[in-house]
Amino acid sequence: MTDHRADRPHGSGRPRRSGGPGQGRGQDRDARSGRAPRGGRPPSDPARQAAYEAVAAVHRDDAYANLVLSEILRDMGLHGRDAAFATELTYGTLRAVGTLDLIIAAAAGRDVSRIDPPARDALRLGAYQLLHTRVPAHAAVNQTVDLVRSVAPGASGFANAVMREIASKDLDTWLEQVAPAYDDDPVAHLAVVHHHPQWIVRAFLEALGGDLEDTVRLLIEDNQPPAVHLCARPGRIDPVDLADESGGVPAAFSPYAVYLDGGAPGDLASIRQGRAHVQDEGSQLVAAALLAAPVEGSDTRWLDLCAGPGGKTGLIGSIAALRGAEVTAVEVAEHRARLVDQATTGLPVTVLPTDGRTVGRDPDLPEEGFDRVLVDAPCTGLGSLRRRPEARWRRQPADLPPLTRLQRELLVAALRAVRPGGVVAYVTCSPHMVETQVTVTEGARRSGVEVDFVDARPLLPPGMPGLGDGPTVQLWPHRHGTDAMFLAVLRRTS
Ligand SMILES: C[S@@+](CC[C@H](N)C(=O)[O-])C[C@H]1O[C@@H](n2cnc3c(N)ncnc32)[C@H](O)[C@@H]1O
């Protein structure tokens, strides 16, 4: 997994504040617990209540949807169909929120910034039900009005009028009304129709060589819930046995991956006992590619410069155990360094909780001290939007300059840490050209060491389609079913 933003401990995503103006503390507590307000009727059914709490926490508290929703479902004791419905509503609403807001604004006759947050989030969930689910319109309207009555009591009449207006047209009619025409501005049109901010559509289009049709395929794929991928740790479990145990199927490309339809992978004995872990297939492929690059001479000192929370270190460490190598895993955030420690129990991995840019200054990170180095750099995460429904609206173009500076500095550190003849894999879970090609070219130029680009395509499993002209590789959700991982492999020549 490439986890770029979950820098806070689990559990901190829980709603913290009361719901909004005009809302008493008792009502707030009742609404959050899913219980009926004293003396009143239930605010809405538990699944919708759970989805409302999750969406509100994401917008109000900057919570992460996956963390906060699982906590809410557990607190409310929701399972099975209720939990699945709450999840669909939460994730679907968060993915589509930019477009839902345009429709709500058109229906309300005012910008959504002028609607109180609790009513706004309830309307977002209501609009999603009307336009994207099979929920009958009358149920979506009534349940939303009930929800608004419990979280923003003064706004229920307004919500009723807005919901009825939205229900008066279907999705295509609304999109025609709120999206710019494709012929006038294709990027702006696709952004609204496929629920992505324009700057992200533009970045995808550029990375896909200006191919609008391919970009549409990617945008559509980004809105699908992804399958869960497992990694069968080499030497610990065979993927066929893992597939039998989990009810999954061996993957198309990674020799270690198993696809699951869903379920709770954390309950599998193989995961609990460290024989397997959850990891996107693309992450497995790029980590394995580093180890497939030929190096001459010593090949026992491997470095993972950005290791937390430890997905790739787990795979690399398992292979190191089979090949007699040792892995140094660097992670600057202390709690994430602890996660790397937990993820690599029993493997030949030493975790260093330090800044990867201290190569040459930290005695454990000597210059020219390693045969292979992985830089899985912190990035915008635009390649894993399927897995993080709120991320596309939270990320901003202003995030790019500090991130690309850090990426460049980490790549320079990696090129100094590798010995001449050794290899560095630079990886991001973002296809943004500024984080991929530009960073690699600039980092290599500024490092002061001589490098050659290694063609990364033969380092991936034979027969993988859609790998482009090399030497770098960009994986894609719509082509490979993986996150959009970027991989550049550089050999130090002097
Ligand atoms: C993309 S994530 C790595 C994911 C990881 N390789 C995996 O597969 O689980 C990037 C990581 O780099 C860490 N990081 C950020 N700046 C760093 C630095 N200067 N030195 C070392 N690690 C850093 C972040 O805390 C984050 O955990």
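Even glycines carry a Cβ here, placed using N, Cα and C.
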Q. Which residue of GLU281, GLU331, GLU334 does TrEMBL report at the same S-adenosyl-L-methionine site as CYS306, ALA307, GLY308, PRO309, GLY310, GLY311, LYS312, ASP355, ASP376?
A. GLU331
Q | Spatial neighbours, same chain, of LYS312 (S-adenosyl-L-methionine binding site) - Cβ under 8 Å, 6+ residues apart | A | GLN279, SER283, VAL286, ALA287, ASP304, LEU374, ASP376, VAL427
**Q.** Confidence summary (mean pLDDT) of the domain 'SAM-dependent MTase RsmB/NOP-type' (204-493)
**A.** 97
Q) Any idea which of the recorded positions CYS306, CYS429 has the thinnest Cβ neighbourhood at 10 Å? A) CYS306
Q) What's the CA-CA gap between ASP355 (S-adenosyl-L-methionine binding site) and CYS429 (active site, nucleophile) in angstrom, rounded? A) 20
Q. Of all the binding-site residues given, GLY308, GLY310, ASP355, which has the fewest Cβ neighbours within 10 Å once its own Cβ is left out?
A. ASP355
Q) At the Cα level, what's the spacing in Å between GLY310 (S-adenosyl-L-methionine binding site) and CYS429 (active site, nucleophile), rounded? A) 15
Q. What whole-number distance in angstrom separates the two most remote CA atoms of the S-adenosyl-L-methionine-binding residues CYS306, ALA307, GLY308, PRO309, GLY310, GLY311, LYS312, GLU331, ASP355, ASP376?
A. 19
